[in-house]
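Visitor: Take this structure, written in structure tokens, and hold onto it; I'll ask about it next.
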Amino acid sequence: MLKPINILLVGVGGQGTILATRVLAKAAQDAGYDIKVSEIKGMAQRGGSVVTQVRLGEKVYSPIISQGGADVILAFEKMEALRWLSYLKPDGHMIVNDQAIPPVPVLTGAAVYPTDCLARVKQAATHTIVVDALNIAIGCGNPRAANVVLIGLLARRLPIAKDTWLQALQARVPEKFLDVNLKAFEKGYAL
Amino acid sequence: MKELLSGNAAIARGAYEAGVTVGAGYPGTPSTEILENFAKYPDIYAQWSPNEKVALEVGAGASIAGARVLVTMKHVGVNVAADPLFTLAYTGVNGGLLLVSADDPGMHSSQNEQDNRFYALMNKIPCLEPADSQEAKDMVGLGLDISEQFDTPVMLRLTTRVSHSQSFVELKEPGPRTLRPYSKDPLKYVMVPAHGRLRRVFLEERTARLKEYSENCPVNFIEWGDRSLGVITSGISYHYVKEVLPRASVLKLGLTNPLPEKLIRAFAAGVAQILVIEELEPFLELQIRALGIAAKGKELLPSYGELSPALMADRLSKAGFPVAREYLAAAAAGQEAAGEPLPGRPPVMCAGCPHRGVFYTLKKLKLIVSGDIGCYTLGSLSPLSAMDTCICMGASIGAALGMEKANPELARRTVAVIGDSTFLHSGVTGLMDVVYNGGTSTVLILDNRTTAMTGHQENPATGTTLLGKPAPEVDLAAVARAVGVNRVRTVDPMNLAELERAVKEEVAAPEPSVIIVRRPCMLLKKNTAAQPVAVDKETCVNCGMCLQLGCPAISRREGKAHITAIQCNGCGLCIQVCKKGALTKRGDENA
């Protein structure tokens, strides 16, 4: 039996990780995989750390991914990439959005946002891709589509056909935002 | 048809398919989405009750009237509903009644992590524990069948991981929904002592029959593997066992109260040693050991927090158990990133949140704040740090009265802070106590017109029901007056001067006061047209006053205050705290 593919999506409340997870789950479902998704929302809307875990394979038991167990980490924010780095397999792929969202302890001056997030991530994870998803999304017409730029990057690296991804986007993205999100997906997919 | 559903959505679907026509509950993470999903199905009735006790009482009545019933709450909600539950266990049911208790191991969003399986044991009612969404859906129908067959309420015990994880569920067409006939039966439903004694005997008979049923119940099953190790497990732990100990023999228990004694003995006889793997308390382990079966469990795994495959692999491999190689490798590889520890990212009140000004003011006035449960509990976090206690739903008012009674000097320095939904849940009784027993507490009811923390549910003061129908709004000021509070006033928390004046005056008054602090949750009515605040860099002296609001839109850049325009909701609170007039809505500023 093939081992499941483990994907961790990490970010900050409000960045669209939940929609990204739903697109990924839909694509994996249509591609015929068994799936488990763990989505602890808790206080996500209140600006806390958000992590969702997606596992796909022939047969998946546990919905959660262990430290050192993620094949891919899709990080929507660069300090969160560093925070979850220990979950990446030694040969795993890290996809990082080059965006910093300072948490309140940093805003109030009680803590300092590390300046070397990307350097530390790159040093530990050999397969690291850094992308300015926010600016690409703005170029597509809506900064909120940054999540789908990242999904585009992920899509190229998973054994799921591109058409399946496009159908998943159509199924999960509200119609009035579909055009901008399809554009954002293509930009990400081309990277 | 197969659909990817969360455990909570699967339960709602299960209730719909099993012919449930009445659903009641009170919102609480991780249970909330069950009733929200159930309410979307056709031809059913669903409601939010003011609290879990009332929800279960509504459920009891609906069951006695002949309907199949779903009652939902988080684990601590069962404490509130425990009073009707302990006697409902005696009366039994007419239509099947399923009580969903969503426990929260790891306390993702709870004040404690009690293991509610013990409620089932103590009440002598069946307890079902699903491991994934398919089981969650199936156990709704099974639980209702058990409920009707054995004349008992049934507990369906979830955990956060089951509630909030998604997996595939096979959907079926809904079955028939017929009301059972109602008949008057005082010996069964009027629990006076003479009748209660009869039902007490019935409880023992029922438990004996349930034990027998448990032996052959399809959700209790053995998967034979390597006979050198037998694992007894339940709930989400089952999936962790399948990954971490893939070769072990497994007894998976879905009906965990009462336990199938013969099945457990047969399993134990078939393996060389027994390991019990369960989250939280040693609920299964204690009972298995009481059977005289040598079993290991909590000596290896913690009785607090969530279990995980990694944690299990670590502890079990150290104890010499044959852990799957990939988990051993993962445990070794999972090293922390080198370098300085990272700043935390705690949840925070949203930009524009109406609670922010309240806690800013309470901190400024150096008051003791008896707090409560809701978004406003975030007022306890830095930099506001303006909360002294938070115990349970509704506790703020009683605790404030207790402080005053213990030390009258605290009376003029203490306030209770409670939300609208929480006040209606169980704060109003505390307020009565203040008036009745001569307290002088000042109670701030933070009326943001919704039950915000759990995702904006309606409540008796919002004017709408769960099914979206208009409803009369509870008049909070009139309630306060009706219980005997003479000093009742309403203020807008976005007017800091008015708020501060009101708090000072009411705290000084030697009699009970209620201040209704009213402003809808910013997320409910987002003012998209509001102009963001701008900083005049010339005027800003970098005093940091605005940063003390803990607003996610405000930071310091190059020695000056900085407002991130896309985050700012233009509430204007920071303009009011700036002593230099450096913050204005004059113009725009790029993020």
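Keep in mind that glycine also has a Cβ here, set from the backbone N, Cα and C atoms.
Among the features that TrEMBL reports, domain '4Fe-4S ferredoxin-type' is placed at B:531-552, B:559-588. Sequence annotations record features per position, and here TrEMBL assigns [4Fe-4S] cluster 1 binding site to B:Cys540, B:Cys543, B:Cys546, B:Cys578. Feature annotation from TrEMBL assigns [4Fe-4S] cluster 2 binding site to B:Cys551, B:Cys568, B:Cys571, B:Cys574.
Show me how these features fit into the structure around them.
Guide: The domain '4Fe-4S ferredoxin-type' (B:531-552) scores a mean pLDDT of 94 in the predicted structure.
Under 8 Å, Cβ to Cβ, and six or more positions away along its own chain, B:Cys546 ([4Fe-4S] cluster 1 binding site) finds B:Ile554, B:Ala561, B:Cys574, B:Val577, B:Cys578, B:Leu583. B:Cys546 ([4Fe-4S] cluster 1 binding site) falls within a helix when secondary structure is assigned with DSSP.
Its Cβ placed at the centre, B:Cys574 ([4Fe-4S] cluster 2 binding site) has 24 other Cβ atoms within 10 Å.
Long-range contacts of the domain '4Fe-4S ferredoxin-type' (B:559-588) within its own chain (CB-CB distance under 8 A, at least 6 residues past either end) are made by residues 350-352, 356-357, 360, 494, 496-497, 522, 526-527, 530-537, 539-549, 551-553.
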Visitor: Let me know how many other Cβ atoms fall within 10 Å of the Cβ of B:Cys571 ([4Fe-4S] cluster 2 binding site).
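Guide: Its Cβ shell of radius 10 Å holds 25 other Cβ atoms.
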Visitor: Grab the same-chain neighbours of the domain '4Fe-4S ferredoxin-type' (B:531-552) for me: Cβ-Cβ under 8 Å, and only residues 6 or more beyond its ends, written as numbers and ranges.
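Guide: 348-351, 356, 360, 381-384, 559-570, 572-575, 577-589.
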Visitor: Test of understanding: give the count of other CB atoms lying within 10 angstroms of the CB of B:Cys540 ([4Fe-4S] cluster 1 binding site).
Guide: 19
Visitor: Who sits close to B:Cys543 ([4Fe-4S] cluster 1 binding site): which same-chain residues at least 6 apart have their Cβ under 8 Å from its Cβ?
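Guide: Residues satisfying the criterion: B:Lys579, B:Lys580.
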Visitor: Within 8 Å of the centroid of the Cβ atoms of B:Cys540, B:Cys543, B:Cys546, B:Cys578, which other residues of that chain place their own Cβ, given that this set defines the recorded [4Fe-4S] cluster 1 site?
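Guide: Going along the sequence, the neighbours appear as B:Val535, B:Val541, B:Asn542, B:Gly544, B:Met545, B:Ala561, B:Cys574, B:Val577, B:Lys579, B:Lys580, B:Ala582, B:Leu583.
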Visitor: Please give me the CB contact count at 10 A for B:Cys551 ([4Fe-4S] cluster 2 binding site), counting all chains in the structure.
Guide: 30
Visitor: Look at each of the binding-site residues, B:Cys568, B:Cys578, and point out the one with the fewest other Cβ atoms around it within 10 Å.
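Guide: Each of the binding-site residues B:Cys568, B:Cys578 was scored; lowest Cβ tally within 10 Å is B:Cys578.
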Visitor: To the nearest Å, how far is the Cα of B:Cys540 ([4Fe-4S] cluster 1 binding site) from the Cα of B:Cys568 ([4Fe-4S] cluster 2 binding site)?
Guide: 18
